């Protein structure tokens, strides 16, 4: 049987995600971000709610990406997620993308020329942002052009790099309907961005979300809910360079900007430069919010939920892979658990995220 991996945020889960799961074959394993997203923002609803949405709509097993995999630039996000899925025995990776492209060929190219390609990136001027460097590399070696806003395509290339040299086949699914950042309401499939923006529009949600009741019952948060705490973390820390990935230049810019910024968005605008993209700045602010330090990734994989089919697969992995299904006195990953505690500060109604929580079980699919 095919074992298909899917790397996702489901922020929130919508019909486009359901379409992706419907297109996937065999046993479907989702490696999902926890409570903070790849582009450096809190999830609109918590990880347990999003895992349940996925399990109700075709996923067989949902595992959590640790915080320091979840909140990373595309390449590190892709690498960390593929590492986890590889250990869970996937033989194919399904993903949505805006481009029609032979990603397998790109993975093969990277297998062959990876060292040369990385050397090319290293030699590019530092005035370029990391995404610009990566795009220059793909243009040079694979002849790829980057048109407009295609974040899923950028992630797909990161997945192609991550599966290089592994026995995992890539299966791109053409993205349906609205683009990633689109807020258009007149489409067959709405984007997660549009759903976040129109979260109070009942008809809109019902049209584009399969598990709408779960979404409506859940506590919702936005970045601004954490701004007072972020402000405190910046002002009270005498040396921001002790925080993960924050360099001297960024530390100075952030300290200066916080004097006048009245919101997270304003802070991001003030700190962003040509070299430091908005997504990168948001990630740095997320690290500051957590007081994140460089730390090792957990050995074990945290299971958020499964169907009967998923449970059988976990059983078959016993003894080969270290799995955590209940977090007790011993932490699974201290950094992720700290992030969860801070996430809960966004709204008093958010449920406990770790202690006493056990995987969600869905009997039928």
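Cβ atoms here come from the backbone N, Cα and C positions, even for glycine.
In the three-state DSSP scheme, residue 10 (ATP binding site) is classed as coil. The ATP binding site annotation in Swiss-Prot covers 7-20, 96, 152, 175.
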Listed in sequence order, residues with CB under 8 A of residue 7 (ATP binding site) and six or more positions away: 30, 31, 65, 77, 78, 81, 82, 85, 93, 95, 155, 159
Which of 10, 19, all binding-site residues, has a Cβ with the fewest other Cβ atoms inside 10 Å: 19
